[in-house]
């Protein structure tokens, strides 16, 4: 299990990734993150909502009312162009972080 | 599903009903319900599903800044945090306060009735009161004191509400404000009638004394009548004051506006001790000074003084609305 503290700076990246291919709604995003985490990380609902709301305010995602397969109304979130660029920036930031920290990580002897 | 709604409602209940909060509530509720449904579909038991949904829910603290509810969250748990009162609790509070009002005002009435019969059955000018009458008087005082104690004890159950801001569901609060508005006229009439009766009652012995200068029975009857009138008027003042005080408390108006909480419903709180002290003065003067012919003067003086205090409290405390300091 990876601690929530460690992931904190990358919650936005996880959420944006779930929206890359198609618009999605709250629980579906949550499930997507759960699947890719393979039990190593669990995002709380409040963390997810807080991230989505923040991304909406900065213009990275837009929301619209839609109905999913079982006919229930859901708030869907769609990635904007700015959101895509923001995702790319976050990925680049992550690669640099990995490279940076990697320089300090020695193989065990 | 009800368990999930109840849980989410509970999490959100102390937050202000802004659009941002409402949206967060509905989104989070939707997510939790979706998760719950899926868990059930996977064959998880209801109990287990509720538990997992709640574990995964998280903490509102994360949302505080996004929702603009930081100040509300930070206040929760602090001594000045507002108390949430359900409709049922508010009704019980009103019922206890009203019973307290009847006990206090009834107690004061009983004290004054006890004195009235003491005066009525005394034999002649300057003579000691009839022994049986004296016994009845002390029984009345004892009964009244018991009433004051019961009233004080039952009302002190709500001491935890003291100095706190109360928060009711919006429609419940609106209903109480409406009720307070409706009772405004009867409140003013009760206070005015109470004061008028006290002042007029003092005139009874004075007038009859002039008409029948030397008639002892007439004087006694007049004083007794005055005491009964004062008793009824004082009971009316206390009842009106306490009743209004309870409603003010629930609607946070008048002297219950947070900055004014300390000085509330003084009429009700001082009434018991006030009239017991008056009874003590009366007894001391009567027995020690052997002044049974004059000591009844304590009562008109006490009555008018009480009326002055009651009117002062009810009319000179600010009644303007307060938004609860938010």
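Glycine is treated like the rest: Cβ placed from N, Cα and C.
All TrEMBL annotations are machine predictions without curation.
Some features that TrEMBL has for this protein:
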type     : residues  : note
TRANSMEM : B:101-120 : transmembrane segment
TRANSMEM : B:132-154 : transmembrane segment
TRANSMEM : B:187-208 : transmembrane segment
TRANSMEM : B:220-242 : transmembrane segment
TRANSMEM : B:270-290 : transmembrane segment
TRANSMEM : B:296-316 : transmembrane segment
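Only sequence-distant pairs (6 or more apart) were considered; of these, fewer than three Cβ pairs between the transmembrane segment (B:101-120) and the transmembrane segment (B:187-208) are under 8 A, so the stretches are not in contact. Long-range contacts of the transmembrane segment (B:132-154) within its own chain (CB-CB distance under 8 A, at least 6 residues past either end) are made by residues 96, 99-101, 103-104, 106-108, 110-111, 113-115, 117-118, 121-122, 272, 275-276, 279.
Within its own chain, the transmembrane segment (B:220-242) has Cβ neighbours under 8 Å at 97-98, 100-102, 104-106, 108-109, 111-113, 115-117, 119-120, 122, 186-187, 190-191, 193-195, 197-198, 200-202, 204-205, 207-209, 265, 267-268, 271, 275, 296, 299-300, 303, 306-307, 310, 313-314, counting only residues six or more beyond its boundaries.
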